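Asker: Starting off with a structure, shown below.
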Amino acid sequence: MHQGAPSWGRRWFVVWALLGLTLGVLVASAAPTSPGTPGVAAATQAANGGPATPAPPPLGAAPTGDPKPKKNKKPKNPTPPRPAGDNATVAAGHATLREHLRDIKAENTDANFYVCPPPTGATVVQFEQPRRCPTRPEGQNYTEGIAVVFKENIAPYKFKATMYYKDVTVSQVWFGHRYSQFMGIFEDRAPVPFEEVIDKINAKGVCRSTAKYVRNNLETTAFHRDDHETDMELKPANAATRTSRGWHTTDLKYNPSRVEAFHRYGTTVNCIVEEVDARSVYPYDEFVLATGDFVYMSPFYGYREGSHTEHTTYAADRFKQVDGFYARDLTTKARATAPTTRNLLTTPKFTVAWDWVPKRPSVCTMTKWQEVDEMLRSEYGGSFRFSSDAISTTFTTNLTEYPLSRVDLGDCIGKDARDAMDRIFARRYNATHIKVGQPQYYQANGGFLIAYQPLLSNTLAELYVREHLREQSRKPPNPTPPPPGASANASVERIKTTSSIEFARLQFTYNHIQRHVNDMLGRVAIAWCELQNHELTLWNEARKLNPNAIASVTVGRRVSARMLGDVMAVSTCVPVAADNVIVQNSMRISSRPGACYSRPLVSFRYEDQGPLVEGQLGENNELRLTRDAIEPCTVGHRRYFTFGGGYVYFEEYAYSHQLSRADITTVSTFIDLNITMLEDHEFVPLEVYTRHEIKDSGLLDYTEVQRRNQLHDLRFADIDTVIHADANAAMFAGLGAFFEGMGDLGRAVGKVVMGIVGGVVSAVSGVSSFMSNPFGALAVGLLVLAGLAAAFFAFRYVMRLQSNPMKALYPLTTKELKNPTNPDASGEGEEGGDFDEAKLAEAREMIRYMALVSAMERTEHKAKKKGTSALLSAKVTDMVMRKRRNTNYTQVPNKDGDADEDDL
């Protein structure tokens with residue numbers, strides 16, 4: 001910021017300059033004046049009453065002594081000749097005046113001067129009276145409080161159910177010699193009767209092996225393993241899921257016994273008990289099980305508390321409700337401690353059971369969405385607007401409350417709202433606020449229900465109570481109560497909530513911007529109006545002091561004015577170019593000692609080539625045609641005058657230097673406009689329904705259905721065990737059935753026979769299996785070859801035995817006979833020459849008796865087999881033969897010859 005007064009260095013410079021000018025004036029007064037010297041004294045003399053002289057050249061002309069003057073060109077404003085008495089020294093001391101003025105004009109080329117003639121009263125004006133300022137637009141009945149926002153409950157009603165059914169599988173198999181082929185598999189599912197569920201499954205943990213069901217209006221019965229009906233124990237499933245358990249009676253499918261080249265049938269009945277999740281959606285007329293099976297009956301149907309009016313599509317004999325039902329855990333066999341009311345329903349495919357509960361308050365069509373600690377309610381026109389910065393939303397509702405009795409199945413709304421409000425109030429407002437009345441309910445656009453609890457600070461509680469009592473006093477003393485059946489007969493409806501909250505976010509944004517802009521514009525309008533009224537009062541007083549300035553500002557252009565009573569007479573001012581105006585350097589009146597001009601003297605032209613007009617510089621660049629602004633000269637005179645776009649500084653009534661407007665400290669007269677910038681606001685993500693809620697809103701969970709269906713075989717069947725067809729199974733089954741029909745003795749004999757037959761079959765099967773092995777076949781082949789070789793050698797031996805028995809039986813003896821080694825024997829033989837006849841006869845007799853002994857043993861053996869008579873006959877024959885055996889034998893001399901040996 002430039003200071004208006006010159007610095008101390010500049011002041012000392014001005015003092016020395018004035019001293020120099022004073023000495024110059026004294027010297028010049030004694031010296032003759034050169035006739036052509038330019039200066040300002042001529043203008044001063046003319047002002048003192050001397051002859052009028054032309055004005056000095058305009059400020060835009062080139063000064064004397066320009067280093068590069070333009071030749072052969074007539075100046076635009078030629079300098080008039082100066083009188084001979086001009087003070088040349090003073091003019092030389094102030095030679096820089098034009099340059100300073102030229103610099104000021106160059107900095108502010110748009111600064112104009114105006115010549116304002118005195119008004120004659122032909123045109124008069126008056127000021128407008130003060131206006132009534134507008135009021136700031138505001139909402140009405142601003143209320144703070146706690147809010148709980150409810151949305152439509154799209155989540156299904158979930159409960160546990162138990163399925164009872166029997167999987168029936170009938171398989172047709174054709175058996176070949178080396179392979180088996182399924183010709184058809186029939187699978188069906190049959191329900192379990194109520195009596196079996198209660199008396200067998202829940203009471204004992206067993207299930208019958210038969211399945212009775214109706215297909216094509218024909219009752220049929222399936223027997224497990226094609227056998228008689230028995231009780232089978234339920235066992236836990238192989239793989240349990242995270243949300244349910246299961247039990248069943250068998251793992252393996254029953255296949256018929258193997259009979260080659262025949263078609264056989266086998267039946268499997270697997271009793272299954274399975275815990276599943278059930279789901280039902282509004283209006284709860286049906287529910288679906290996790291297996292994908294639909295039940296076309298309301299889960300709240302029953303015979304208690306009027307629940308028989310709920311929806312059902314089944315006949316009465318298919319449904320049964322059991323009071324005081326104690327469920328049993330089929331795994332631990334433990335019985336429940338608390339009884340329940342159990343619903344049982346049989347369908348063509350299964351029987352389902354679940355615990356009955358009343359419809360109210362088990363389900364609710366609305367659910368809590370947001371708890372808002374700070375909710376501002378404002379009234380705009382015919383609606384309420386509930387705004388919250390915490391969730392960046394604005395809800396629009398009617399002015400009337402929404403009765404909860406109109407909400408179908410809305411019992412949870414009041415309870416949940418009160419619990420949430422009490423919790424928020426106790427945590428945050430218990431020490432500073434009080435509750436005003438009961439919670440109020442409003443239905444907002446988009447299907448939201450707002451529970452609102454108005455609050456009031458403790459400091460305003462007393463005032464509010466008085467106001468409330470005043471309002472109550474204005475109401476009728478005995479209001480007409482509603483009819484008794486009004487609430488009961490009111491129609492109920494379900495509130496549908498939109499899935500997007502963007503409209504409320506946009507409404508909040510619009511209200512936020514609207515509130516800010518309206519508040520800002522309201523303050524601007526009020527401040528502007530009040531400022532105008534204030535300025536009007538000031539102008540009415542200021543026009544009396546300076547009517548020209550007030551009239552010029554009011555009209556919007558430069559005019560001259562004077563007061564004619566209570567009105568102003570105005571006249572239009574004529575603009576004069578800044579290049580046609582020059583200020584003189586002295587404000588003293590030479591003809592009147594002690595008198596000085598109060599404002600600088602000027603010379604100007606209306607047009608570029610027009611004559612000079614002498615005048616005086618007025619306020620705000622006004623050129624006065626008169627020079628009557630005179631004042632007594634004072635010591636220490638210092639003045640700043642507006643000249644063009646800047647200021648000229650006169651000290652001791654003489655020009656000193658120029659200043660720009662920036663060198664003068666500015667004091668603002670403007671009133672600050674209180675405009676608050678729009679604050680930043682961040683929007684947080686807000687969802688009405690989460691992805692999990694949307695995914696869970698459907699009646700069917702297809703992922704769960706597919707998972708259960710694909711897991712069914714893994715849970716209730718053994719998929720790893722492989723049963724190979726056995727050709728002997730039919731024989732064993734027949735033998736077993738035969739001996740079973742003979743009682744206990746038959747069963748005992750059957751076990752022995754079955755064991756023996758099983759051993760034989762196992763041995764044969766082992767041999768067959770051994771033969772089917774390549775190594776076994778090789779071993780058998782080698783054994784066969786060995787047997788053939790042994791048979792060949794045995795056949796040779798028999799042939800030798802037939803041809804020469806003694807040589808075959810006694811090969812070494814006959815060999816010694818051919819080659820004797822004993823000399824005595826050799827000599828004796830050589831001497832004897834022939835065999836001993838006695839020994840030869842004795843040998844023959846021995847052979848005959850050996851044959852007789854063999855015949856007798858064979859006869860006795862046969863007699864033992866034939867019986868007693870044959871045995872007696874054999875004994876008699878033996879006695880006869882013994883008598884023949886008593887013949888006396890004598891030793892035969894051993895005289896064998898060589899000829900006999902050759903015969904042998």
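Counting starts with 1 at the first residue shown.
Here the Cβ of each residue, glycine as well, is placed from N, Cα and C on the backbone.
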Asker: With CYS596 as one half of a disulfide in Swiss-Prot, pick the other half from CYS573, CYS633.
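Answerer: Swiss-Prot annotates a disulfide bond between CYS596 and CYS633.
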Asker: Which one of 165-168, 361-364, 889-892 shows up in Swiss-Prot as motif 'Internalization motif'?
Answerer: 889-892
Asker: With Swiss-Prot as the source, identify the stretch among 125-147, 470-492 annotated region 'Disordered'.
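Answerer: Checked against Swiss-Prot: region 'Disordered' maps to 470-492.
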Asker: Of the residue ranges 258-265, 322-329, 666-673, which one carries the region 'Involved in fusion and/or binding to host membrane' annotation in Swiss-Prot?
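Answerer: Going through 258-265, 322-329, 666-673 one by one, Swiss-Prot gives region 'Involved in fusion and/or binding to host membrane' for 258-265.
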Asker: Can you tell which of THR230, THR312, THR887 Swiss-Prot marks as phosphothreonine?
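Answerer: According to Swiss-Prot, the phosphothreonine annotation belongs to THR887.
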Asker: Measuring C-alpha to C-alpha, could you say which of the disulfide-bonded residues CYS133, CYS364, CYS412, CYS573, CYS633 are within 10 Å of CYS207 (disulfide bond)?
Answerer: none
Asker: Check the disulfide-bonded residues CYS529, CYS596 for other C-beta atoms within 10 angstroms of each C-beta and report the one with the most.
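Answerer: Max Cβ neighbours within 10 Å, all protein chains included: CYS596.
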Asker: Just the number: how many Å between the Cα atoms of CYS271 (disulfide bond) and CYS364 (disulfide bond)?
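Answerer: Just about 37 Å between their Cα atoms.
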Asker: Could you give me three numbers for the motif 'Golgi targeting' (849-852), the DSSP helix, strand and coil residue counts?
Answerer: 4 helix, 0 strand, 0 coil
Asker: Enter the number of other CB atoms within 10 angstroms of the CB of CYS116 (disulfide bond).
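Answerer: A 10 Å sphere around the Cβ of CYS116 (disulfide bond) contains 22 other Cβ atoms.
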Asker: Compile a sequence-ordered list of residues in the same chain as CYS133 (disulfide bond), six or more apart from it, whose Cβ lies below 8 A from its Cβ; state 'none' when nothing qualifies.
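Answerer: Result: ALA525, ILE526, CYS529, GLU530, ASN533.
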Asker: Compile a sequence-ordered list of residues in the same chain as CYS633 (disulfide bond), six or more apart from it, whose Cβ lies below 8 A from its Cβ; state 'none' when nothing qualifies.
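Answerer: Looking at Cβ-Cβ distances below 8 Å from CYS633 (disulfide bond), excluding near sequence neighbours, one finds ARG588, GLY594, ALA595, CYS596, TYR653.
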Asker: What does DSSP assign CYS207 (disulfide bond), in three states?
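Answerer: For CYS207 (disulfide bond) - judged by DSSP and reduced to three states - the answer is strand.
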Asker: Among all chains shown, work out which of the disulfide-bonded residues CYS271, CYS412, CYS573 has the most CB atoms within 10 A of its CB.
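Answerer: When each Cβ's neighbours within 10 Å are tallied, CYS271 tops the list.
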Asker: Work through the disulfide-bonded residues one by one (CYS207, CYS364) and point out the residue whose CB has the fewest other CB atoms within 10 angstroms.
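Answerer: Looking at the disulfide-bonded residues CYS207, CYS364, the Cβ with the fewest others within 10 Å is that of CYS364.
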